[in-house]
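As written in Swiss-Prot, here are the features:
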- 242-252: compositional bias 'Polar residues' (COMPBIAS)
- 239-258: region 'Disordered' (REGION)
- 158-161: motif 'PPxY motif 1' (MOTIF)
- 186-189: motif 'SMAD interaction motif (SIM)' (MOTIF)
- 229-232: motif 'PPxY motif 2' (MOTIF)
- 1-40: topological domain 'Lumenal' (TOPO_DOM)
- 64-287: topological domain 'Cytoplasmic' (TOPO_DOM)
- 41-63: transmembrane segment (TRANSMEM)
């Protein structure tokens, strides 16, 4: 009996074990399924939120670009209307010319039609655009505000070299004095062979301080000229071409006479000096 009771108890215990384990597994599966469903719900919510944010961003971008495109189109249309208004007001461009009955070509003027929706443009903007797009020559030559070109001299040039300037910057007397002083001889002194001969004959050369500012033709000895030298205008005349050569060939009579006297006076002295040099050469180098 006890054995049978033990067997029954063990069988009952064995039969009762699967029921207990089954209840425990069911509870665990329920917890796992609940966690899985919660995770899926959170993922779905996150996906929905991201999609909504994307939609909002896309709509904002589209609206922004649409507004910018509208503003660009409106600006372009306003610019075209403004150009049409300006061309209808002032820009009358000459087109192909037609020959009239007399044979004289007559230019045809093209005037574009005035638009109905004209915009109010300030006059300075119209003038600026008109000057920018229209050629300056020969249509607007009278409207170019350029100063006149005047060639001004400083008044220091002698008469043959003055340009086409008619503006008198100084008094006539002052101008004549400037012209006379501007052609004076330089302060240095030109020395010729005749001066050396005269100085040797008269007893030595003169100090250079006594001859400073005076040219070689201004001495009073030996039939030379005295006083200041002739002015540049007197020498060259009004035409610096052939008249200068003619005056140079003719020259003042006193100057020519003085040079002739010097040449006739120097000729025998030069011949004597040459003869003495040849004699010395023959003595030093015998053949």
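Using the three backbone atoms N, Cα and C, a Cβ is placed for every residue, glycine included.
Mean pLDDT for the topological domain 'Lumenal' (1-40) in this predicted model: 59. DSSP labels the residues of the motif 'PPxY motif 2' (229-232) in these numbers: 1 helix, 0 strand, 3 coil.
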